[in-house]
Amino acid sequence: MTLIASLSLPPPAIQRQSLSEFHNLPAKSQSFNCQFRSSSSPLSSLHSSSLSNFLDFRLRRRNSGLVPVVACSTTPFMGRVGLHWRDGNMSLLSFCGGTDVTEKADSSQFWSALLPFVVALTAVAALSYPPSFTWVSKDLYAPALGGIMLSIGIQLSVDDFALAFKRPVPLSVGFVAQYVLKPLLGVLVANAFGMPRTFYAGFILTCCVAGAQLSSYASSLSKADVAMSILLTSSTTIASVIFTPLLSGLLIGSVVPVDAVAMSKSILQVVLVPITLGLVLNTYAKPVVTLLQPVMPFVAMVCTSLCIGSPLSINRSQILSAEGLGLIVPIVTFHAVAFALGYWFSKIPGLRQEEEVSRTISLCTGMQSSTLAGLLASQFLGSSQAVPAACSVVVMAIMGLCLASFWGNGFRIRDVLSLSTPQSTGYTAES
């Protein structure tokens, strides 16, 4: 079967439309039109008014049988492919996880969805034209990271931390996965691949930082526990003031000297202070937060781009060397295993969590704040040690959101892959 369609940019959500009527058509060649109209969404204003608000497919029936139909979003959100059997008929599934998710969409989701593409473009720009990011000095790196942390803080309230006392088990499981399993996995991977000393300490440091802010968006895509994701990310980020210097001293202190006290002070300045400021603003200055919230996701995205591009451009020659290219396999391996480890650790008898919580812990374990690791590596270990952290941002953003999209769809990979193979079903589709 071959489906040919010329699609303009579709709206962020599509209502479900059954194709059961199609099977009642006579066997001879006839046409059947389906229109999939958009539902209301807070993001509707983001789309140009000149764009069509519906998709129109014309299916031509030639023989008896079923017509598999694929719907793929080309909105700024992660594209989704849905294939759903119901009573022997096919249905188009709604985009973006349903209307309830769409109604909660805001600018933060829009910029978060763009982040993987911005990360990839930043890496390409930094390596192909280093002057585009070499101007980002260490003096600018810390404020940029502070901007990312402030964007976390303005989303928090005192009530959020009260959840920690109501749900201690999943939070504890996430902490253990973050600060025990992940650092040990990093040491195992680094030694297994014989990572050179040029990058070893920076790689281990990257494995010892807290979860990334992007994991909260990934949790929403994967239909996981978003509230737990925000709580876990925020808590581990605050706890990094103690755990990251402690783990770094224990795991890499024998390789390179680590000033744990100075590192703790640095984390306090660029992590805890901005988050606390954001929390205070969200508690006592709501009008200020109302003004900041629409722009902070964009600010965080720009800051992330600067924190990635700087170490990549400065260390371009080392990255493109044989040793630098050798980082790809261990970093991909680390993140892939970390996602699996976080998920299955939460399924151990006695600790077993609900599926939504397990997905959250998996994403928080596999996606860490590599930008923080890059800053600490630049300040305390040398500029070359920041390279693993910069590479990690690119890998974890792409892998994490792909995993989240897969979970969010709820469909098997082989169902999606089978659609790319032409089959003789006797149907064609014309847009």
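Don't overthink the numbers, they just go from 1 along the chain as shown.
From the backbone N, Cα and C atoms, a Cβ is placed for every residue, glycine too.
Look at Swiss-Prot and you will find 1-70 tagged as transit peptide, backed by sequence analysis.
Residues or ranges marked as transmembrane segment by Swiss-Prot: 110-130 (among others). Tertiary proximity for the transmembrane segment (110-130) is limited to same-chain residues at least six positions away from its ends with a CB under 8 Å from its CB atoms, namely 43, 46, 76-78, 214, 217, 297-298, 300-301, 304-305, 308-310, 312-314, 316, 319-320, 390, 393-394, 397-398, 401.
Annotated transmembrane segment per Swiss-Prot: 145-165 (among others), in sequence order, evidence recorded as sequence analysis. Note on the transmembrane segment (145-165): residues 171, 213, 227-228, 230-231, 233-235, 237, 269-271, 273-279, 281-283, 289, 292-293, 296-297, 299-300, 302-304, 307, 371-372, 375 of its chain, located 6 or more positions outside it, place their CB under 8 angstroms from a CB of the stretch.
Annotated transmembrane segment per Swiss-Prot: 169-189 (among others), in sequence order, evidence recorded as sequence analysis.
According to Swiss-Prot, the feature transmembrane segment maps to 198-218 (among others).
According to Swiss-Prot, the transmembrane segment annotation covers 238-258 (among others).
Nonlocal intrachain contacts for the transmembrane segment (261-281), taken as residues 6+ away from its ends with a CB within less than 8 angstroms of a stretch CB, comprise 142, 145-147, 149-158, 234, 237-238, 240-242, 244-245, 248, 288-289, 292, 372, 375-376, 379-380. Residues or ranges marked as transmembrane segment by Swiss-Prot on the basis of sequence analysis: 261-281 (among others).
Taken from Swiss-Prot, the feature transmembrane segment covers 288-308 (among others), and the record attributes it to sequence analysis.
If one looks beyond the transmembrane segment (325-345) by at least 6 residues along the same chain, the residues whose Cβ comes under 8 Å of a Cβ in the stretch are 173-174, 176-177, 181-182, 185-186, 189-190, 192-193, 195-196, 199, 203, 207, 319, 351, 358-359, 361-367, 387-388, 391-392, 395-396, 399-400, 403. The transmembrane segment feature in Swiss-Prot is assigned to 325-345 (among others).
Marked as transmembrane segment by Swiss-Prot: 387-407 (among others).
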Considering pairs 6 or more residues apart, do the transmembrane segment (238-258) and the transmembrane segment (169-189) have at least three CB pairs under 8 Å?
-> yes
Taking 169-189, 198-218, 387-407 as candidates, which has the most Cβ pairs under 8 Å with the transmembrane segment (288-308)?
-> 387-407
